[in-house]
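Data block below; observations after.
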């Protein structure tokens, strides 16, 4: 059993190491070889790995086929299908999941199953279960590619989303267009919880509908480490199973003895678990939790005895076989990681054997075990927390120690009773009110953890991982404690050494990072571990590129504050994240070409030196009230003072137009630049041939969005640069672009092409 489950899991997870989909013949060959090994040596592992790999290939190939059925570029199609998202009419969320039945393209009606994430201003008026005919502008999944931040492409794969799009027009199909029972139930819950303080939390706990949680709510949950409580998963389903089994056992005990009622606890527990999973929309976490519950219930009822590790592997293999692509979601890793930590902590000695003298105060042992389990989760989950979220909550052990039992034993039962009795508003309302009251102390406690989220840089993560490794080794190998301490000390010293090297002041080198922020601009200039930011990218009501891209990238490098912040001009795609940059990254000095409170002028003639680099403002000639494209702050950054012989320079141009280029050329006839920021995202209104000829640049950096409505950069502009022999580096195709300059030599890396490649990336960018 161990070899089969471990092998199947390894085979499926090998999917993460594929740069492209291999030929299926390799898997057939591997199965034949694995079969031969099994028949000769009775070793099942290799055969199981081959079978798991083949199944992963089948799933990935099926996903690829669905994605390839969509146009390579953005295109218009007509689809017929069903609304799958649960819709809350009180939320102005324009996005919803739509599953197609038919796709009409070029007058051909194809029967396709596609899962699409669509955007429509009228989405709040939709209902789950309704069938629509939609005219949409569709595209394949596309996300920003940076060293940190949200990965939309991985999210699409992990959630089975084949494409995204915008609805142009839609028609409700009257035939079979009734809303789902779950939607009706949800609408009643929305109505009954109106005016409640924690309405969004109640709906999240009852239906898995978390769209009502705003940015402040998520910040509280992240800082306190309670985000897992708002996702209906193993903890919640497990609680329901225990409740169902307990109720079933009590009822069975009160009934006459008969084999007829023997399975009552099993079926009642399974029914309640299935019902709760249905309320949550059978999301991937609930599917995983439901499968786990079924296997555990069958084991208990049938008297099967497996070790904790065997059960863990069986459930892991079952979940991966059920949905191999779910391994691209954080939930699978975090849930199975947490269970494994609890199992290892148990066998490692946390739950020591109770002796006779301890039985007098059993609650102390329970509290001690519970505290140690929370600490074990904090330490041993550190690697997964860092990989998926870039940090940890230092307050999580204490707050989870208090909040998890309360929410599990008070809030969730009240929510479930309220949902079950929803047809009786008077009774249901009472339990909704109790549930709302029960959340007051939880959220109040969680709010005290503001700022407890600790972002971890790569170097600091190595040090902490070494310390955790030492603790684990000492815990599990007490008879080798001295050796374990030596190993952990060596690892920690290696990590500290690596961190020290990263902080060493290189007297010659500096770095430029152009982040992938779609249609917009954000450039980091780094030296000696300190940073100046040029522009912020765009913003939207729920956030900004400053929060979703710039801050995570800096945090991953261990940088918490900016030395300086330069704003080229006032357009939203350049200045949208200004408030977030100022409040979150606290820059020491600010400069802009327009009149802003707290900003120093960024106008021609201003020169300053920072970390040995010279910043020279070339344009505009004077400050304006509100800076438009022609007033963009143009700055030449050079290392002439550091390297007089090489003198490598970067020209930051913002969105200047052709007239500004002409005037600037007259003012600076001898202006040269090795690295040029392509003005205005490669628009035809800039990058005149005369100006480019005079600059004699080597590298052209352009920040643009893959599906920008302005179709930038313009093809003729790109051709102009290529004809001059410049290295064309574009975020829309290359992702984050990093250039390291040292003694006149420029080395560049493109995150999307030079970093780790995944099999699904060519699908989204054919």
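The backbone N, Cα and C atoms fix where each Cβ goes, and this holds for glycine too.
TrEMBL annotations:
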- 26-58: transmembrane segment (TRANSMEM)
- 226-248: transmembrane segment (TRANSMEM)
- 260-279: transmembrane segment (TRANSMEM)
- 291-313: transmembrane segment (TRANSMEM)
- 325-346: transmembrane segment (TRANSMEM)
- 367-389: transmembrane segment (TRANSMEM)
- 401-425: transmembrane segment (TRANSMEM)
- 460-479: transmembrane segment (TRANSMEM)
- 519-706: domain 'Metallo-beta-lactamase' (DOMAIN)
Highest-contact recorded stretch vs the transmembrane segment (325-346), from 226-248, 291-313, 367-389, 401-425, CB pairs under 8 Å: 367-389
Result, the transmembrane segment (401-425) in contact with the transmembrane segment (226-248) (3+ CB pairs under 8 Å): yes
Positions on the same chain near the transmembrane segment (26-58), where near means CB under 8 A and six or more residues out: 3-15, 317, 320-321, 324
Averaged pLDDT score, the domain 'Metallo-beta-lactamase' (519-706): 95
Sequence-remote partners of the transmembrane segment (401-425) [C-beta within less than 8 Å, at least six residues beyond its ends]: 185, 188-189, 192, 202, 205-207, 224, 226, 229, 235-236, 239-240, 243, 276, 279, 370-371, 374, 431-432, 434-435, 438-439, 441-442, 445-446
Distal contacts, the transmembrane segment (367-389) - CB-CB under 8 A, six or more residues away: 222, 330, 333-334, 337-338, 341-342, 344-345, 350-351, 396-398, 400-401, 456, 461, 464-465, 468, 471-472
